[in-house]
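**Student:** Shown below is the structure under consideration.
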Amino acid sequence: MNNKVYGFLFVVIALVGTLIWALLSGSLHVSISELIQGLITGENEKVLIIKDLRFPRIILAFFAGAALSVSGLLLQAILRNPLADAGIIGISAGAKFFTLLILAIAPQFYFWTPFFAFLGGVVACCLVFGFSFKVGLKPLHLIVVGVAVNAIFTGLNDILTSSMVQISSQTAGNAINFGMKTWGDVQLLVSYVAIGLLVTFFIAKWCNLLALEDTTLYSLGVPVLKIRFFIALLAVLLASVTTAIVGVISFVGLLVPHLARRLLKTNDYRILIPYSSLLGGLLVLFADTLGRNLMAQMEIPAAIIMLIIGGPFLLFLMWRSTSIAGKNGGEKYDA
């Protein structure tokens, strides 16, 4: 079997194992047989509690990870930039700001928050791309501009959070963990993310085309700008909707695409997109389950676990990119 088969087998087996761990671990302990029997009969009180509390957070964690990882993969494809990630370059922070803003102005529009989050993500994306084009779309330049935009929106988020009492509970739910989420949140996230991921499977060939030089694509009659624009909107949609419902989780879109390429040893997006969605779902589900089991009577948010994992990884990538740029006269960055 080749690397691709081994890679998919690994992630499926790991996902099943993490899913079982997530279902059975926590303050309420049940066996697999007890869980299955309780789901069938509907008479076990502990199983009913698990169904209402653990099932939503498991589904949300998986779909959030899938959406963020594919979003990062798409951003890296259109920018040809190994450091692109919605959480790093400010898209997630912009989405969160617009989410909090609409909740502050009209909290009854909760189910419209994905739409407003998308608008916020688009605004942040335009700011980052606009300033980056001014200084050159090199990986480190994009990171610097993204950090600045991220800082601006983070500051605005803090102002809203501290001054608007009516959104405090919603903010806390987004910032702390997946545990406060309900089946309504699941329905909202899954409906958007499932459609978004389905579309990405059909545009994988466009991502493969973007690996070619723009001059070559133009000579072949490929509408490069339109393709980049559409893929960028799709990446922003996936990241923004996820942020609106579960909060900001950074580094998933940075870490997963790199792991996927290393494990599968391919740059074919027809394979990378489905694999990254599975691997991203696995990573966030693992982070969430680890966070609620690592310390007794205390949950560590999945977002914090990802910061601890992703921060050193970003430093490694920046060091590696700088080293390669130095060897190539500052012109080339390796993905």
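Glycine residues also receive a Cβ, built from the backbone N, Cα and C atoms like all the rest.
Straight from TrEMBL, here's the annotation block:
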type: TRANSMEM; residues: 6-24; note: transmembrane segment
type: TRANSMEM; residues: 58-79; note: transmembrane segment
type: TRANSMEM; residues: 85-105; note: transmembrane segment
type: TRANSMEM; residues: 112-133; note: transmembrane segment
type: TRANSMEM; residues: 139-160; note: transmembrane segment
type: TRANSMEM; residues: 189-211; note: transmembrane segment
type: TRANSMEM; residues: 231-257; note: transmembrane segment
type: TRANSMEM; residues: 269-288; note: transmembrane segment
type: TRANSMEM; residues: 300-319; note: transmembrane segment
**Student:** Going through 58-79, 112-133, 139-160, 231-257, 269-288 one by one, which has the most CB pairs that fall under 8 Å from the transmembrane segment (189-211)?
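**Tutor:** Per the Cβ count, the answer is 58-79.
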**Student:** Looking at the stretches 6-24, 58-79, 112-133, 139-160, 300-319, which one shares the most CB pairs under 8 Å with the transmembrane segment (269-288)?
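**Tutor:** The stretch with the most contacts is 58-79.
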**Student:** Need a quick answer: max count of Cβ pairs under 8 Å to the transmembrane segment (85-105), which of 6-24, 58-79, 139-160, 231-257, 300-319 is it?
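**Tutor:** The stretch I would name here is 231-257.
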**Student:** Can you tell me which of 6-24, 112-133, 139-160, 231-257 gets the most C-beta pairs within less than 8 Å of the transmembrane segment (58-79)?
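**Tutor:** So the stretch in question is 231-257.
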**Student:** When you scan the chain for residues with a C-beta under 8 Å from the transmembrane segment (231-257), skipping those not six or more beyond its ends, what do you find?
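**Tutor:** Contacts of the transmembrane segment (231-257) (Cβ under 8 Å, skipping residues fewer than 6 from its ends): 60-61, 63-65, 67-78, 83-88, 91-96, 99, 113-114, 116-118, 120-122, 125, 173-175, 178, 181, 185, 188-189, 192-193, 196-197, 199-200, 203, 206-207, 210, 272, 276, 279-280, 283-284, 302-303, 306-307, 309-311, 313-314, 317.
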